[in-house]
């Protein structure tokens, strides 16, 4: 029951705060000392219980007449911060469990498979629990006559809110409890099942530098900037598609009762095809996998708006979109460790910057989510979108077609051009792997000779 304007303010401020916390958490992680649990795991352990509490309070409706906006703003920002304290070290763990490229690629594939599976579970749980509550659409005020349309709309909303508000509130609380329980379970599996290896990410001869010096070095690393740019536009394309596909199915295609199943089809398709893309990148290389995987959605995105409303075609597009979503999820994260290895070769005297690389990667993921939300909201509002309306004006249908087809296709093409400029191909990866191995052997032999010399002196 919060006004739409204040709800938008909460989301916007929360996204801005989230953007600030990502590099902040990366900074504090880079300054964290190693413990018996590791360097990253304590962040995950201590943030989890507070994240669960703040998530639950986001869906709780306080019994206060004023201050609800501040309540949701505080706990939304708190939850974003605590999730960052989980997600940045969780993502950076890839660099701390192995120094072998193939093992890191495999770990990334497993990680992204389960992340997408978690998204499927979250979508199913939230959708099925909340979806069972009857929330009928609201007819256009023109149906009530021009003279008393506002009165009729107010009476209709009041009747609906009185009858369904309590059930809706309870449904959201139940869903929050179930998802919170899954959060705790997965965090326990991670903490108990994964061990960091300090030697996997550091060269013994490295000397640490300050965070801001490291940040300057990281942001001046050409391959990283090119990868982030391609990743940015790819993420924005698929977030626009996913964020508006439910509205597109409901209003433009007329499949109001099918959109939850269509969304599940997208995520299940993505989950099942991540292992295929992992095999493809090991067989044909990562850059070729990017070109094939991300571009495969283009013909289907065009098809869904060109053809008349057809449920079979819609499910076909959902499956095809899921295949490309899998590539968009997996490949940029799989390419990031290669960039870090390349950085280490160019800056062998600088270490401990893995959290910086991953924190800005996470930041750009969330940044694109915020941009996608802003573009969608402003575009639909400008087109005359009616919240909970049974039907929408023609301008809204045209806008939805743009948001799920033309704009994502343009962004995908732009991202492919940027990935073309990305310099680390399979030949470069092999050279970097050999050079890093030689550098580590040289570092180890130097350390052993120093120990031998010290022992002889003693």
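The backbone N, Cα and C atoms fix where each Cβ goes, glycine too.
Taken from TrEMBL, the feature compositional bias 'Basic and acidic residues' covers 430-443. The region 'Disordered' annotation in TrEMBL covers 430-458. Here TrEMBL flags 6-28, 40-61, 73-97, 171-194, 227-253, 259-277, 289-307, 313-334, 355-378, 398-419 as transmembrane segment.
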Residue counts (helix, strand, coil, in that order) that DSSP gives for the compositional bias 'Basic and acidic residues' (430-443): 14 helix, 0 strand, 0 coil
Beyond the flanks of the transmembrane segment (40-61) by at least 6 residues, Cβ under 8 Å: 25, 29, 32, 68, 71-72, 75-76, 78-79, 82-83, 85-86, 88-90, 92-93, 96, 169, 172-173, 175-177, 179-180, 183-184, 187, 190-191, 194, 196, 355
Selected stretch (most C-beta pairs under 8 A with the transmembrane segment (227-253)) from 6-28, 289-307, 398-419: 398-419
The transmembrane segment (355-378) touching the transmembrane segment (6-28) per 3+ Cβ pairs under 8 Å rule: yes
Contact set, same chain, for the transmembrane segment (289-307): CB under 8 Å, 6 or more residues outside the stretch: 230, 234, 241, 277, 280-281, 313-314, 316-317, 320-321, 323-328, 331, 335, 401, 404-406, 408-409, 412-413, 415-416, 419
